[in-house]
Structures are given as C-alpha cells and as structure tokens.
Amino acid sequence: MKLTCVVIVAVLLLTACQLITADDSRGTQKHRALRSDTKLPMSTRCKLKGQSCRKTSYDCCSGSCGRSGKCG
C-alpha cells in the first residue's frame, strides 16, 4: 500500500514537472532546423527542357537555366 502511494505521488510530481518546463520553454528554441535546399525541388514542380525560366528561381528540372531564359 505504501509503495503504491509513493509510486502515484512520484508519477504526479514528474508529470507536473513536465508540464511546467514545457510551458516555460515555448518559443525559446535557439537552433531551429532550417529548411533544406534539397527538399525544395521535391516540393515544387520543375520546368522541363525548353520552357522559360529565371536563373534566380532555380525552377528547372535539370537545374540549369540557360542564357536565353530557357531550361537546359
């Protein structure tokens, strides 16, 4: 009986500590993971060879936008 009460009190204390620290740590994460550049091509549609492109947007499937403004 005593052991059961001790275990219940310990679980309640640990749960309370978890809830207190979770509230205090919101928005204080220092090193957030940045979105990987490798995920960008997978999440957006790329343009096929010969379609118009911009060198600054990196939207060609081949990865290269030619001088003429078309995917290479």
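Yeah, the Cβs are placed from backbone N, Cα and C, and that goes for glycine too.
Quantities reported herein were computed from a predicted structural model and do not represent experimental measurements.
What Swiss-Prot records for this protein:
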SIGNAL    1-22  signal peptide
DISULFID  Cys46-Cys61  disulfide bond
DISULFID  Cys53-Cys65  disulfide bond
DISULFID  Cys60-Cys71  disulfide bond
MOD_RES   Cys71  cysteine amide
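Annotated features, which come from Swiss-Prot, shown on the structure.
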residue	record	Cβ within 10 Å
Cys46	disulfide bond	15
Cys53	disulfide bond	21
Cys60	disulfide bond	22
Cys61	disulfide bond	13
Cys65	disulfide bond	21
Cys71	disulfide bond	20
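Reduced to three states, the DSSP call for Cys71 (disulfide bond) is strand. Here Cys46 (disulfide bond) is compared against the disulfide-bonded residues Cys53, Cys60, Cys65, and the shortest C-alpha distance is to Cys60.
According to its DSSP assignment, Cys46 (disulfide bond) is coil. For the pair Cys61 (disulfide bond) and Cys71 (disulfide bond), the C-alpha distance works out to 8 angstrom.
Between the CA atoms of Cys60 (disulfide bond) and Cys53 (disulfide bond) there is a gap of 7 Å, rounded to the nearest whole number. Separating the Cα atoms of Cys53 (disulfide bond) and Cys71 (disulfide bond) is a whole-number distance of 6 Å.
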